[in-house]
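Colleague: Starting off with a structure, shown below.
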Amino acid sequence: MGEYKPITNDVSVDVESGTVTKIDERKKSIRPAQHRLVSLDVFRGITVALMILVDDAGAFIPAINHSPWNGVNLADFVMPFFLFIVGVALALAYKRVPDKSDASKKAVLRALKLFALGLFLQGGYFHGVHNLSYGVDLSSIRVMGVLQRIAIAYLLVAIGEIWLRNDGDDPPVDSGCGLLRKYRYQLLVGLILTVIYTILLYGVRVSDWEYEIQDGTSSPQYYYVKCGVRGNTGPGCNAVASIDRKILGLQHLYRKPVYKRTEECSTRSPQNGPLPVDAPSWCQAPFDPEGLLSSVMAIVTCLIGLQFGHVIVYFKDHRSRIMLWLIPSCFLLALAFCLDFFGIQMNKPLYTLSYTCVTAGAAGILFAGIFVLVDVYGLRKPTIAFEWMGKHALMIYIFIGCNLLPVLIQGIYWKKPENNLLKLIGI
């Protein structure tokens, strides 16, 4: 055991390991210094910056906008990256759980707060940003959304981290196999969720359905979509949308589906444009990209991030951490391309298995790279802006991603709504 020698009044160093410790004078004890994982903040900040970029520039640069249906573009990595980060953070937050019941109650409360915030911000309250009309029509409020999906994934993965861990007879974790053995029940849950999703996606029969479009200026227009199929992964007759329509109701789904930019639905594809003359009947139907069934695989992404977080908790050697991140990340990427080749295409709206693998693998490699640059080599100055954004991610998302900033800018005016701050600064 190394001898601790003081170097200041409250700090000492182990001469063998070089570990820095702090001496608590009040308790007369020595405790390890706590170091914040900066790379996690930087990764979160990069994801926020990516979200802002694709939201603002995606309409002009189709290559970075969300893919209209099959395929993966830059914007399609934003949501899985957030979920991956939540998983990593949960592993650090719950590495010690003295009271499982109390921790579970706090996790439920946090998830409910986040879900309620998402329901308020994305449920339709700011539906009239351009004409300054706000409010919620409960008959057509959107139930799901980005924050709601994160809340669901956070809750279930947090409960799994609190209760599904072997703290008893298992030997100490000193290898990747030991880590898999310790958290085998969490991995089993991930496998079960994947199997359930796959069975429902390819096994549920989608019946014919109809919807109406009402613009308020004329009588409603009714559209009939003929399906009667099983295992279809197209925009009109997939099980993901069918389950959302039956459980949530058409009126509670997102009304600007991404497939409006497909060649079948837009003359300017992959951008928004007028409907072609022979457009399919489903082109204007509501579809929620954060729906119920697709959120099952979002939970799996969060579980993958949780396992990456466990590496930080149990392995202190940088080389071991990086190898234990890169190996499964490369495996996930290889599996994703194999699945895509054999017909399980990468699809963000459906959150397919191949999409789960490719985004989780990319997140793992990016996180490992950021960790090396920021936490190993200490290159914090070039990433200081991302670090700040990562620490204030929710605030930035609310103000920019949920239109709160435009509301504040346009909502302050002189006598007439058009005399707002935008006009004052010449925009």
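The backbone N, Cα and C atoms fix where each Cβ goes, glycine too.
Unlike curated entries, TrEMBL annotations are predicted automatically.
Checked TrEMBL, it gives:
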| type | residues | note |
| --- | --- | --- |
| DOMAIN | 36-158 | domain 'Heparan-alpha-glucosaminide N-acetyltransferase catalytic' |
| TRANSMEM | 37-54 | transmembrane segment |
| TRANSMEM | 74-95 | transmembrane segment |
| TRANSMEM | 107-126 | transmembrane segment |
| TRANSMEM | 146-164 | transmembrane segment |
| TRANSMEM | 185-204 | transmembrane segment |
| TRANSMEM | 292-315 | transmembrane segment |
| TRANSMEM | 322-344 | transmembrane segment |
| TRANSMEM | 350-374 | transmembrane segment |
| TRANSMEM | 394-414 | transmembrane segment |
Colleague: Quick one: do the transmembrane segment (74-95) and the transmembrane segment (146-164) reach 3+ CB pairs under 8 Å, ignoring pairs fewer than 6 apart in sequence?
Modeller: yes
Colleague: Quick check: do the transmembrane segment (350-374) and the transmembrane segment (107-126) share at least 3 Cβ pairs under 8 Å, counting only pairs 6+ apart in sequence?
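Modeller: By the criterion, they do not touch.
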Colleague: Can you give the mean pLDDT for the domain 'Heparan-alpha-glucosaminide N-acetyltransferase catalytic' (36-158), rounded to a whole number?
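Modeller: Averaged over the domain 'Heparan-alpha-glucosaminide N-acetyltransferase catalytic' (36-158), the predicted model reaches a pLDDT of 88.
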Colleague: May I have the DSSP-based helix, strand and coil counts for the residues of the domain 'Heparan-alpha-glucosaminide N-acetyltransferase catalytic' (36-158)?
Modeller: 79 helix, 4 strand, 40 coil
Colleague: Same chain, outside the transmembrane segment (322-344) by at least 6, Cβ under 8 Å from its Cβ: which residues?
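Modeller: Contacts of the transmembrane segment (322-344) (Cβ under 8 Å, skipping residues fewer than 6 from its ends): 176, 179, 304, 307-308, 311, 315, 352-358, 360-365, 367-368, 371-372.
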Colleague: I need to check the long-range neighbours of the transmembrane segment (185-204): which residues 6 or more away from its ends have a CB within less than 8 Å of a CB in the stretch?
Modeller: 160-161, 164-166, 230-231, 233, 238-240, 242-243, 293, 296-297, 299-300, 303-304, 306-307, 350, 352-353, 356
Colleague: Do at least three C-beta pairs under 8 angstroms join the transmembrane segment (146-164) to the transmembrane segment (37-54), pairs 6 or more apart in sequence?
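Modeller: Touching, no - the transmembrane segment (146-164) and the transmembrane segment (37-54) miss the threshold of 3 or more Cβ pairs under 8 Å.
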Colleague: Do any residues, 6 or more residues outside the transmembrane segment (37-54), come within under 8 Å Cβ-to-Cβ of it, and if so which ones?
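Modeller: Contacts with the transmembrane segment (37-54): 64-66, 74-75, 77-78, 81-82, 85, 88-89, 92, 312, 366-367, 370-371, 373-375, 380, 383, 385-391, 393, 396-397, 400-401.
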Colleague: Which residues, given as numbers and ranges, are at least 6 beyond the ends of the transmembrane segment (292-315) yet have a Cβ under 8 Å from it?
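Modeller: Apart from its flanks, the transmembrane segment (292-315) reaches 37, 79-80, 83-92, 95, 144, 149, 152-154, 156-157, 160-161, 173, 179, 182-183, 186-187, 189-190, 193-194, 196-197, 200-201, 239-240, 243-244, 247-248, 321, 324-325, 328, 332, 349-353, 355-356, 359-360, 363-364, 367.
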